[in-house]
């Protein structure tokens, strides 16, 4: 069955339209899932600009903004729409007039409006594939029965566009089915670099992955390691932030505090919530923003409303770039914002071309009249269009730039480069396929899309701004960015200032940067501030840029950034705890107060002892000297002298010789002294004990026997010392534990002899035993009259000595934990020994010296008495003492006659 149509003219038109709608409708339903008639039902049948030529290029531009719900198109976009569209027309004019580029070939165009909406752009772009759809016209017949006359459809060999990444993605999915190459002038989504999915897509702008790398480099150059990200919902914002996150993870040293998405249709209060979330991590002052102009403006407005002017440090993508519209009336909040923009230049030729456009000479642009009305705020008489009352009528004499504000849109350069890239590819293809042929040869009719793609990827020429235009294997242009900062304070011309560039690596001029209030110092955006010297980082789990600082305390130093370690035993940490230093070595100095007092006492004692010895030698044969037992007295005085002398050895700088003499003399002086005293008291005790039983004198009471007994007692001490020498030879040590207080600044190593507290006490223990034994005998001999012996002076000496040494023990051992241990113990020991020697000297010999020198009349020979008489006299005296004691205890109430 065939279709009948009223006329042959209509027959041809209907046949064309019938085939197109059948296949385009099928594609539309498969790709989008809705009927293509939905826009057409609202009076939005595809409108386009047609430029005749031998080879036709497609063009996709956001001439209008996105319309409200249910309406595909909104207001006209003067810069992003008309400027870019006219840039393509300008480039076509330049190419067609260039005798060296595609000579004798005219480039034409079919330019469509995407209305900034991906689904609408897809429907419009089906126009480009119309010629490639195989249409079945077998059922179409004219009224005379003949087949319809169907004009050859227009064939688009390549498409320039689109602008938005989401639109380019949607269109690229269709164009790849028909092998139509596509070159975008503004789509930067990293997703489009996937050559397996978008193999026919190329772009003259770098992808956001380069931009994200540049932004990561900027953040790192400013010393930030803790930032938040903001992205407009959609392909551009989300893919840009995703690229930033991925690159920052790979680079390391950068943490994301918040990653926030701005919804396509923000609800009331949405931006307030966003600012509140950003303030939850207020240390992350840096905010990386991939968002559209409207979202940027509302973020700035909300931050200003929340009194956070100067807090956030924005790093904006190319959607912010160097535009004034996002920051209008929010300049103080935007101050210091660092923005990035693909390296571009203003094309002077385009300025001359565009400012010369008028309603009369630009009728090829079907949307130019609408632009004219919007640019000059006037109205043209057009059927079916209503205008608000009071709007003036356009005269047609208005001129762009003269009667309206004009600034070349930033992507004009890239539109021109995209058209030229297509032209250079066609030119190279023509040279190879149609060498010497004027015009389009058969091999290029039609142009094979996959072959053209290879020529596109191979182009390399200087673009409109003088920079190279080329593509990598994924169809991406090289990354070239200018880096701007919005500066407001202390500048003659507030605005965006160029502060650096990025071409595969960052070149930033920090000295050109200026922040809120004109501050030149780069603000900080870090989770945790650097630790002070000597502090280690204790990382916060799951957040590698956040840490707590912990001081390496005590004797620890900073081993590395994250750990402390103890200094070696003989070292202490530096003041900044970055390493260790040797611990100072100290010893008891002669000038120390701890040494002066013992030395003073020792000198006095030595002088006094020397005086006593000299006196005894001078009066050696006098009765008092002979009666005191000359031999034992000289031995005892020698011991006292050695006791005083040991003070100097205890204070002298330790050496092997000094340590040896310390061991030898420390106990020897006391041993000699108390051995002589013990021998004396033992002799007296034995004499009078023997006298109670017999008149026969006890054995071993002669001077020679006394000396032998004394030397035997002394030899025990010497034997112990020499055994000590053999087992452990004397040597010096440095004790680092003795003076190791909590504060290492006061730590000292003490140079000392290898004598522990225990060995020192053991060295003195024998002398202490002799002292205690002597005291016992002195107590037992206390009843002997003092006129007959030295028992009582020896007794008093021993009592006092015991008291001194009882006081010594708690002082000596009670200071074991003190940082002044060595000084206190040395002083305590030497003073105690000097006091013991002084007591012995004073009790036993000073009275005798006094009598010898000052009362020589008493130093005369008395009548000798026999041993028996001495014992009887002592016995009587003892009995009288006992009776006297009994009377005092009340045993007898009869008092003796005092007159007797």
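Positions of Cβ are set from backbone N, Cα and C atoms, glycine also.
Any TrEMBL annotation is an automated prediction that lacks curation.
Listed ranges 567-593, 594-620, 729-755; the one TrEMBL annotates as transmembrane segment is 594-620.
Between the stretches 833-855, 856-878, TrEMBL puts its transmembrane segment entry on 833-855. Panel annotation: around the transmembrane segment (758-779), residues 663, 666-667, 670-671, 674-675, 677-678, 681-682, 684-685, 713, 716-717, 720-721, 724, 791, 794-795, 797-799, 801-802, 805, 829 of the same chain, lying at least six beyond its termini, place a Cβ under 8 Å from a Cβ of the stretch. Long-range neighbours of the transmembrane segment (594-620) within the same chain, counting only residues 6 or more positions beyond its ends whose Cβ lies under 8 Å from a Cβ of the stretch, are 588, 630, 633-634, 637, 640-641, 643-645, 647-648, 650-651, 820, 823-824, 826-827, 830-831, 834-835, 837-838, 841, 845-846, 849, 852-853, 859. Regional average pLDDT for the domain 'G-protein coupled receptors family 3 profile' (594-868) in the model is 82.
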